[in-house]
Ligand code: DGL
């Protein structure tokens, strides 16, 4: 029997803030028939500076509640900082749930670079992770990989996407370290290893000292989720369904307006 729209469970997309929206917009293109629940742990934002064990416990605790309340079919963890830390713990704690993760796109970068110089722009949490070091060990030993942990970019992206001005100098000082020159070669790929950053890609391009490929994994994550979900031929998107959940319980007006712009009730 073919499933109907009403029988399809929603997809839950999770991030510490608004960064997961960069993944949500790709997921929607590939799965227009699905309902989406966007969860922002804004009460815990930013994740980048959290002590690891405390953040792990927070994320597991949140999911115990979220899964019970929303009963999704799949959860997309649209946050490198969360998934590189707690992805395996989530899968172990909730074995009945499918989690699609987000990890720094080091493997595709290592495959594509011509100069052999790759930079990974991420939160301080993600650059510290054993998971990130393992990705480099497994897939990029032939490259020179520079890890750049940015203290402020996630916050700046939050401000920028809500319509606040961000200064060129402030952005430049966060991305400058990504640009390496070595023996006549230059960095040619910068991995955007925080889902907030693609919102600022236009600014990065304008301020870059030379052109590089800014690698955004959003589409690949959406494709992975699509591949795991059955597609009912007659399924249509459930009417008026998609909504956002903020762990603070109190998103401000610019945030609610932003969510509405993404077709989410907040
Ligand atoms: N968007 C998150 C990521 O992909 C991190 C933002 C933060 O909470 O610092 O890593």
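Every residue gets a Cβ built from N, Cα and C, even glycine.
Record features, source TrEMBL:
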- 79: active site, proton donor/acceptor (ACT_SITE)
- 194: active site, proton donor/acceptor (ACT_SITE)
- 15, 16, 47, 48, 80, 81, 195, 196: substrate binding site (BINDING)
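Where TrEMBL records a feature, it is marked here on the structure.
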{"residue": "15", "record": "substrate binding site", "DSSP class": "strand"}
{"residue": "47", "record": "substrate binding site", "DSSP class": "coil"}
{"residue": "79", "record": "active site, proton donor/acceptor", "DSSP class": "coil"}
{"residue": "194", "record": "active site, proton donor/acceptor", "DSSP class": "coil"}
Rounded Cα-Cα span from residue 194 (active site, proton donor/acceptor) to residue 81 (substrate binding site), Å: 7
Cα proximity to residue 79 (active site, proton donor/acceptor), best match among binding-site residues 16, 47, 48: 16
Cβ contacts of residue 196 (substrate binding site) (under 8 Å, same chain, 6 or more positions away): 17, 18, 19, 22, 153, 154, 157, 158
15, 16, 47, 48, 80, 81, 195, 196 excluded, remaining Cβ within 8 Å of their centroid (substrate): 17, 19, 46, 79, 82, 123, 125, 126, 154, 194
Where the record names 15, 16, 47, 48, 80, 81, 195, 196 as binding substrate, the maximum Cα to Cα distance in Å: 12
Cβ packing number for residue 47 (substrate binding site), 10 Å threshold: 25
